[in-house]
């Protein structure tokens, strides 16, 4: 056997062992292990090893991107029943953006498993954010093809959804959503908004709103619309709760 082929087989055997250990760590066993390996195969590796172009992870990345958007959308839709479409979209974008995906990938040491060409390896590709985000999406695509949506949901429940529950993305929410998320996380009870006052002429109305937690007043706010008044009341409530914590 030519030395080059011997070296490649030894290299691939080492990675197969690493992928088995990775599956044990996740508690997931792929029926088709080739899908798992493909999810971590960068185009530079395919080019250098004269493999077919479709054997890299780009198609799986395409699929995983769609699966990730669907599952995260469903989770947010169920978790925040009163959140507006605009706020849901903004929150989802923060969860599936490149920096977030890189964070998830790094927590599971995805970079150490990526199959790279020598050039990409030498230029630090293993730690390149865009590459890691792509690999995370490709892994989601491979997991979906191999085991279906339920397993993807279970994986995200362990890796991604806890970050949402811990408030990691609260900074992109409006004040009402932030307050709702904080109350849900602490299990403190129910919040309600009440318009206490409407004043001024029809063309220049001002509304005063109060937000309560279990019937105890948390904050007051005013604005040119009911929505704005409620947002300001929620902002005051958040300030008070953060001062108390």
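Each residue, glycine too, has its Cβ placed from N, Cα and C.
Owing to the predicted nature of the structure, the values given are computational and were not obtained by experimental measurement.
The domain 'RNase III' feature in Swiss-Prot is assigned to 19-148. For the domain 'RNase III' (19-148), DSSP puts the residue distribution at 99 helix, 2 strand, 29 coil.
The Mg(2+) binding site annotation in Swiss-Prot covers 61, 134, 137. Its Cβ placed at the centre, residue 137 (Mg(2+) binding site) has 26 other Cβ atoms within 10 Å.
Sequence annotations record features per position, and here Swiss-Prot assigns active site to 65 (among others).
According to Swiss-Prot, the active site annotation covers 137 (among others).
Taken from Swiss-Prot, the feature domain 'DRBM' covers 174-243.
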How do the residues of the domain 'DRBM' (174-243) split into helix, strand and coil according to DSSP?
33 helix, 25 strand, 12 coil
Test of understanding: give the count of other CB atoms lying within 10 angstroms of the CB of residue 61 (Mg(2+) binding site).
20
Fewest other C-beta atoms within 10 angstroms, as judged across 65, 134, which are the recorded positions:
65
